[in-house]
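Colleague: Please see the structure below; I have some questions.
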């Protein structure tokens, strides 16, 4: 690490905020009103209309710069590779949603058609995502349980249980799309920032546990009804272990072999990804082998293996969403919409930074909203992106969403012409593929010790989000995670790490006095720093820490002095002497006071408050701060506020903060200006060596 030793010297006058304002004229800007912003937003011209079209249809932007000779081959190869993965994942993840496998192919096709035109990311692969599939599956299981009566919903009459589940899944997805579209139109894409990486990591890890447990019945060949709601993981495990002796050995052996094969080949893909033109499509290979073995040896009849069964050939006519299902699932649909967008946006952001282009969060919300609404009309379920599928699309040479369109075409070919070949595929194979693809999410448990060492509040967010989502369900778990995350923010701002600063000898720098040995601390001066906004929630904490820093309560000192003053007045009246106004008045000999009268003194003459990290003050904090400052001023302690934000100063003026006691002259631009002013005013001891003229030598 190279340490710079350059020097610079500054020769200027000591400034307070008042003297700086007198010497340097400030430009006062007119701030736009809400009406001005609204008028500007509603104004339309040719340039604005062109930008609106380009924003709404990002395809126009990247198609104009498309390099056919350089990019087309890579997009084609990438589209084929991604399509193979998308087909297998669509079949597998449809089981999580409680739907027949053929509807997973719908999700790999329809949403991509609209995202191709509306999406701003050029690399993410649109389709099913295991977490969303599981969240949709929880609603499907609740309204159409595998055992028992379906919910009393108009529109279920005359439908088979599978058709009822499809109606539920598509309606929930349509409502999810409405939420996403509404948030995009209202320009609230920024809300995704409240889902931190830590929260998303804990949430997706919990989802992986749910997915793992839900797939055990397929891997073991057991008949376990779907369970949703709080403690569903525990209840499902209970039912699995009750039936564990009924495990289908053929399903179990086949699942273990496929998981081992897929895991090993995926590891080899990672090791040799620089040498392989495209990753080995091991999911496709194992699926083809399993299909052939199941068909050739008749696994369904000989070993009782449950297979995919009849695949829907072609596409069905579009359907309208069910309004009653909207009412039943609104609470679940909103978190599904948030999670789907948050995951997709975070993945898209990674690849946009890597390939140097921009993505628009609000436009992504619109794109996903329209895509999910369009897909739901054709019976697909919730679409987002999967990191593994997107990694295949990008690493195999994909440059634009033409690769995504080609992958969607492959799903269409399978649906229209080749679906019957997948009918003998054992469902345990799909379950095994789901489980082996959870490796990345389950490995996030390794983040716990790292977070505990680096940031304990973040670790608490991760653990409580994960536990909440595992035990209470994904929707309630997400709410728990958000609540805990906001509480940590409140905790950090309500109880900040306040410190007392000291000057580093030979510099104009001020640091925590506990962290350095060679420091300069003038007698009678305390520099106090609070590194957070001051608001109604932490103003009392600010007062407590300030009193702790100076070593006394100014209000208590003031009360004791007033009490002593009253005693002195009574004493002087008895002696028929003149009544004085203060105990410090000239002519008052403190040594002649009676022994029982004590006038408390303080060793502090200057208190400096470093407000460089204070970003705002609310009205409650402003009132509390004014009371504290008055208490110190009334016991003859000079108070200075340093590096106060200009907007806070404006607010102080507008709120009538200043009066005869609290004046603008107590505000200074820097700590060093304030210190030099204090040393000049109180020339004692080491302060005599200091000059009023600033000559700073700062070593870097």
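For all residues, glycine too, the Cβ spot is worked out from N, Cα and C.
Note that the coordinates shown come from a computational prediction; the quantities given were computed from them, not determined experimentally.
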Colleague: From the ranges 40-64, 240-264, 490-514, grab the one TrEMBL calls transmembrane segment.
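Modeller: TrEMBL lists transmembrane segment for residues 240-264.
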Colleague: For which of the residue intervals 14-36, 198-220 does TrEMBL record transmembrane segment?
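Modeller: My reading of TrEMBL: the transmembrane segment range is 198-220.
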Colleague: Spell out yes or no: are there three or more C-beta pairs under 8 angstroms between the transmembrane segment (198-220) and the transmembrane segment (240-264), with each pair 6 or more apart in sequence?
Modeller: yes
Colleague: Taking contact to mean three or more C-beta pairs under 8 angstroms, with sequence separation of 6 or more, is the transmembrane segment (402-422) in contact with the transmembrane segment (72-97)?
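Modeller: Yes; at least 3 Cβ pairs under 8 Å.
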Colleague: What residues elsewhere in the chain lie close to the transmembrane segment (276-297), defined as a C-beta under 8 angstroms and at least 6 residues from its ends?
Modeller: 77-78, 81, 84-85, 87-89, 254, 258, 261-262, 265-266, 268-269, 305, 307, 392, 395-397, 421-422, 424-426, 429, 433
Colleague: Short question: which residues 6 or more past the ends of the transmembrane segment (126-145) have a Cβ under 8 Å from it?
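Modeller: For the transmembrane segment (126-145), the list is 86, 89-90, 93-94, 96-99, 104, 107-108, 111-112, 115, 119, 151, 153, 161, 164-165, 168-169, 172-173, 203-204, 207-208, 210-211, 214, 225-229, 232, 325, 328-329, 332-333, 335-336, 339-340, 343, 371, 381-386, 389, 404, 434, 437-438, 473-475.
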Colleague: Please figure out which one of 103-119, 165-186, 240-264, 333-353 racks up the most CB pairs under 8 Å against the transmembrane segment (72-97).
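Modeller: Comparing 103-119, 165-186, 240-264, 333-353 against the transmembrane segment (72-97), the winner is 103-119.
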Colleague: Count the Cβ pairs between the transmembrane segment (333-353) and the transmembrane segment (240-264) that lie under 8 angstroms and are 6 or more residues apart in sequence, then report whether there are at least 3.
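Modeller: Answer no, regions not in contact.
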Colleague: Under 8 angstroms, Cβ to Cβ: which one of 165-186, 240-264, 365-382 has the largest number of such pairs with the transmembrane segment (103-119)?
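Modeller: The stretch with the most contacts is 365-382.
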